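Following: one structure in structure tokens, then a few remarks.
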Amino acid sequence: MASYKVEQLPSPLSVLGEGVICDFRPHWDVERQSLYYNDIYGGSIHRYDYAENKTYNATIDGFPVISFIIPVKGNDRHFIIGTDRKVTLVDWDGRSEKATFVRTVGSVEPTMEDNRFNDAKVDSKGRFYGGTMRLEAKGDIFEMRLGTFYRYDAKRGEFVTLKKQIGVSNGLCWNETGNLFYYIDSCDLDVKEYQVDENGDLSGERVVIDFRVNGEKPSFVPDGMTIDANGSLYVATFGGSTVYKVNSKTGKVELEIKLPCEQVTSAAFGGPNLDILYVTTAAKEFKTPQPAPAGALFAVTGLGVKGTPMYPVDLS
């Protein structure tokens, strides 16, 4: 069994305002040796610089809700962010306190005003995948399944629907060869595996792990997720103070990584050797502040594994 260490990194615990959830989505950039992440309802983007052990923070005027941040291939100042039901291109030098709007890349669900994008990631071919969900403020997330999961076709400039009737779209990752995709709809309380074809479409749904015990809901919901080079999954638990390491073939929990706060939102491997697991947490749960260090960024070392690279989005 791996002996791991959890360290809190210098980062903002939360932001001012009445955010529903201070929730972060991490993306490790290999070239810049930096972890990019966002505070959804804080409306901010962040860059943790590995060499400096310092976090830089920025906001974008006119965008109070930011669902994700992903670097853009070919321009080290460009990023896409999730804004309501849009994918938006912004310009940021990674240090300034302000980033600027460039253009809207695309949008979905024009009549679904109570929806927003949630988690999103990019595969090894630079293709964007992301899903929507109903706003938390509109009620219990388990009540209605109004979200849709999409792939963006940059050549055609359009979103391709992959899966409908999503509760909360979360936890995207691919195995190292890219032929298997893992996905969490938090309302299903499980992790599913799909086969990926050449076009990036999905088939062959298989449940890897169901977190219900004897049909009963667990005390948490599965949230963000990442994968290591051996194919093991790392599932963050909102309300569970834990990242579960799960064998993607057997569905067995191989390790429970404990964090010093309840609302664990996501994880990503990074560092020079891709052997540091960065874990993000939430500072609020439905307007109820959580005690420090909730909302902090953590680094988990000593796991004895390496992650797989994360990729910039190709908008060409």
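In case you wondered, yes, glycine gets a Cβ from its N, Cα and C as well.
Database features, via TrEMBL:
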ACT_SITE  Asp223  active site, proton donor/acceptor
BINDING   Arg116, Asn118, Glu136  substrate binding site
BINDING   Asn170, Asp223  divalent metal cation binding site
DOMAIN    26-282  domain 'SMP-30/Gluconolactonase/LRE-like region'
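Feature annotations (TrEMBL) mapped to structure.
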residue : record                             : Cβ neighbours (10 Å)
Arg116  : substrate binding site             : 22
Asn118  : substrate binding site             : 26
Glu136  : substrate binding site             : 18
Asn170  : divalent metal cation binding site : 28
Asp223  : active site, proton donor/acceptor : 28
(Q) Taking the Cα of the residue listed as 'active site, proton donor/acceptor' as the centre, which of the binding-site residues listed as Arg116, Glu136, Asn170 lie within 10 Å of it? (A) Asn170
Q: Round to a whole number and give the Cα-to-Cα distance in Å for the pair Glu136 (substrate binding site) and Asn170 (divalent metal cation binding site).
A: 14
Q.
Measuring Cα to Cα, how far is Asn118 (substrate binding site) from Asn170 (divalent metal cation binding site) in Å?
A. 7
Q: Please give the average pLDDT for the domain 'SMP-30/Gluconolactonase/LRE-like region' (26-282) in this predicted model.
A: 96
Q: Give the distance between the Cα atoms of Arg116 (substrate binding site) and Asn170 (divalent metal cation binding site), rounded to the nearest whole Å.
A: 13
(Q) Beyond the listed site residues Arg116, Asn118, Glu136, identify every same-chain residue whose Cβ lies within 8 Å of the center of their Cβ atoms for the substrate site. (A) Ile40, Ser67, Asn115, Phe117, Thr132, Met133, Arg134, Leu135, Val168
Q. At its widest, how many Å does the recorded substrate site span between Cα atoms of Arg116, Asn118, Glu136?
A. 11
